[in-house]
Amino acid sequence: MYIASARETGLEARPDGAGRRVAGNVFALGAVSLVTDVSSEMVTAVLPLYLVLQLGFSPLQFGILDGLYSGVTAFVRIAGGTLADRWQRRKLVAGLGYGISAVAKLGLLGVTGSATSMGLVLAADRTGKGLRTAPRDALISLSSDPGTLGRAFGVHRAMDTVGAFLGPLVAFLLLWAVTGGYQAVFFVSFCVATLGVVLLVLFVRDHREPVDRRSSVSPRAAFGLLRDRGFRRICGWAALFGLATVGDAFVYLLLQDRLSIEPAYFAVLPLGTAGIYLLLAVPLGRVADRIGRWKVFVAGHLALLAAYTLLLGAADGLWLVVASLTAHGLFYACTDGVLMAAAGPLLPAGLRTSGLAVLQTGQALAKLASSVLFGAAWTLWGMRPALYLAAGALAVVVVAALIVRPLRAERGAV
Amino acid sequence: MRFGVKVWTALGATVLLGGAATIYTLDAMAGNPTRARPDVTVAVDHSGPPDLLEPGRLLFRTTAPGPDHGKVASVALADPGGPRRISQLACDRFHTEAGTGVCLATAPGLMPSAVALRVDERLRETERVEVAGIPSRAKLSAGGRMATWTTFVTGDSYTQGTGFSTRTAILDRRDGAYLSNIEGIPLTVDGRPYQAEDVNVWGAGFTADGSRFYATVSTAGRTHLLEGDYDAWTARTLAENAECPSLSPDGRRLAIKKRVSDDAARPWREYVLDLETLRETPLAETRSVDDQVVWLDEHTVAYELPRDGGSDIWAVPADGSGAPRLLVPWGSSPSVTSRGP
């Protein structure tokens with residue numbers, strides 16, 4: 001079983017006392033993510049405005065561009081994971097990803113009005129993001145004691161979210177100071193992204209594992225990991241949960257629809273989720289280490305189910321906003337890093353990047369499908385029936401997971 | 001590399017990159033029009049502030065560089081290139097009708113938000129509405145009863161999808177009714193009842209009696225010209241690919257912009273649509289007009305076109321004849337007071 005082999009292939013087993021600390025490499029990766037997220041969220045916050053107001057793109061053109069390149073990342077991710085494992089150069093591949101995205105920010109400065117060149121720049125940015133995610137998570141996983149993975153991912157995700165908080169703030173501050181200052185936003189974003197790359201180069205240590213034969217690392221081998229029962233189950237269930245998860249945008253739209261929230265506050269809603277996530281990522285990571293990551297992962301979906309129930313009418317007014325955003329943030333804190341922490345130890349160290357890439361891709365595709373389906377249901381039957389459907393589906397999956405307990409062995413193994 | 005060296009290298013890189021970012025930003029800030037030296041070629045009339053009751057005046061937003069950038073100004077319609085009277089009211093969009101005005105302005109602050117003001121004939125605020133998003137369009141109905149405006153609203157990082165939408169609001173002065181977002185109006189597209197989550201409405205304008213309005217609706221990747229019945233609160237689409245309608249003074253024609261090219265740099269062309277026959281006439285302006293135009297009179301429409309550092313106001317005959325002419329250099333958001341006796 002991979003659980004056994006993962007231990008043998010040198011997850012540095014430390015005495016319990018030392019293992020309680022989060023590895024320096026995780027903090028380094030967290031700092032890189034924080035800085036990089038400031039940069040990328042700056043652009044994310046202003047790009048729609050820039051494209052539509054400055055360049056005269058129609059919202060549809062922008063929607064197509066956006067959707068197209070979200071799809072691109074799914075496949076780049078597998079390729080990046082395989083390359084990182086094959087060369088055993090996770091830092092290099094992650095750095096390549098960070099670097100490409102940084103250069104893409106500079107590319108934004110040069111784009112003026114052509115949909116094709118804007119498409120290329122966005123594709124480069126997304127490719128960079130796709131490349132870096134799996135090697136980064138693999139490095140976190142390989143640098144940490146298997147017993148405290150939940151906490152390690154919690155620390156990383158909390159730092160990452162700080163960046164996501166700051167990015168839009170910096171961007172709008174700049175736009176406020178510089179009339180029509182999109183170029184300034186892009187340039188500052190490029191500087192910040194470059195700093196992220198510098199931090200990565202200086203402070204992140206690579207983690208190399210001896211691999212039997214290089215040829216044994218390939219996309220095929222990556223998917224071959226699914227032959228392992230434990231990993232296959234985690235991927236299958238993660239995808240199943242992903243299918244029953246409504247996209248974040250819909251949650252905020254529902255909230256706004258229920259409460260006729262003053263438009264000025266609409267942009268603040270996602271910050272509520274992010275704030276709770278930020279506060280709870282580390283504590284829940286620790287809980288996950290103690291009582292079992294899969295349990296916490298499932299509990300996170302219970303929180304999401306609670307959020308849907310609240311949205312369906314279980315609460316109203318300010319109470320609805322606070323409770324549903326808390327539940328939504330709790331869902332993220334219980335699932336985002338925790339899933340990677342649960343999956344990491346199931347994968348052989350030499351193929352960890354590939355495995356995490358397969359898991360992330362499956363989950364991402366499932367969420368994409370659910371967004372499309374939920375959007376269609378909303379259009380066909382209206383908001384409430386669509387949400388009933390989503391809540392019902394989620395309830396079924398949660399109950400099934402509680403009955404089947406697909407990863408019963410996980411607690412003992414990790 | 002020793003850890004200490006790494007830390008110093010990182011600090012050095014931070015200073016270097018931070019410096020580059022600061023220099024770039026300061027340089028860009030110096031380019032802010034309000035900080036630029038006033039353009040001396042723009043003549044200013046210091047005899048008094050603009051007055052919305054004075055007939056024969058063209059109201060607009062001055063875009064000339066200098067401290068007055070963005071403020072509402074007026075010139076004589078008979079001499080639009082002449083000296084301008086400048087008010088202290090700064091707006092992104094301004095429109096006047098019947099001695100009143102509506103001003104849609106960016107509100108200072110970190111989140112993109114705006115404020116819509118109704119103003120009296122001396123441009124003094126009489127009503128204020130806080131609005132989310134970035135100002136795009138604002139219009140009053142003839143007679144001044146109905147005000148509508150549109151802002152762009154964007155979500156942030158956790159919002160997926162396009163992360164972009166429009167909000168169009170209606171403020172009815174007669175009974176004080178305020179609708180902050182009209183996209184929920186029961187809608188008929190191509191004759192069939194229609195419901196979708198991606199409906200966006202922008203660029204509305206009312207008939208003189210306030211009973212009907214015209215606007216743009218986009219959904220499922222198409223844009224339509226929308227005709228709304230305010231009293232019955234229903235709307236239907238009249239034509240495809242027509243945006244930012246502007247109703248002629250006689251109420252029988254709409255000036256619209258159509259998307260005529262995939263070239264994102266210049267996609268628009270201005271048309272006039274006859275409401276009875278739905279026949280479209282392309283106007284003589286062949287440059288890409290991204291504006292909700294106004295009718296100066298039954299025969300002429302005016303609109304803004306960008307220029308380096310600002311915009312100019314142009315006019316063109318509404319029947320497709322003639323040629324565009326420059327009306328007001330350094331201006332945007334034109335509208336006219338009554339023609340007078």
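Quick reminder: no glycine exception, Cβ is built from N, Cα and C everywhere.
Taken straight from TrEMBL:
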DOMAIN    A:25-409  domain 'Major facilitator superfamily (MFS) profile'
TRANSMEM  A:161-178  transmembrane segment
TRANSMEM  A:184-204  transmembrane segment
TRANSMEM  A:234-253  transmembrane segment
TRANSMEM  A:265-284  transmembrane segment
TRANSMEM  A:296-315  transmembrane segment
TRANSMEM  A:321-343  transmembrane segment
TRANSMEM  A:364-381  transmembrane segment
TRANSMEM  A:387-404  transmembrane segment
Proximity of the transmembrane segment (A:364-381) to the transmembrane segment (A:234-253), 3+ C-beta pairs under 8 angstroms: yes
Local confidence of the domain 'Major facilitator superfamily (MFS) profile' (A:25-409) - pLDDT mean: 87
Two-stretch contact, the transmembrane segment (A:387-404) and the transmembrane segment (A:265-284), at least three Cβ pairs under 8 Å: no
For the transmembrane segment (A:321-343), distant same-chain residues with Cβ under 8 A (at least six beyond the ends): 137, 140-141, 149-150, 152-154, 156-157, 231, 234-235, 238, 241, 248, 251, 255, 259, 261, 269, 272-277, 279-281, 283-285, 288-289, 293-294, 296-297, 299-301, 303-304, 306-307, 310-311, 315, 355-356, 359, 363, 407, 410, 414
Folded-back contacts onto the transmembrane segment (A:296-315), same chain, C-beta under 8 angstroms, at least six residues removed: 150, 241, 244-246, 251, 254-255, 258, 284, 287-288, 323-324, 327-328, 330-335, 338-339, 342, 384, 387-388, 390-391, 394-395, 397-398, 401-402
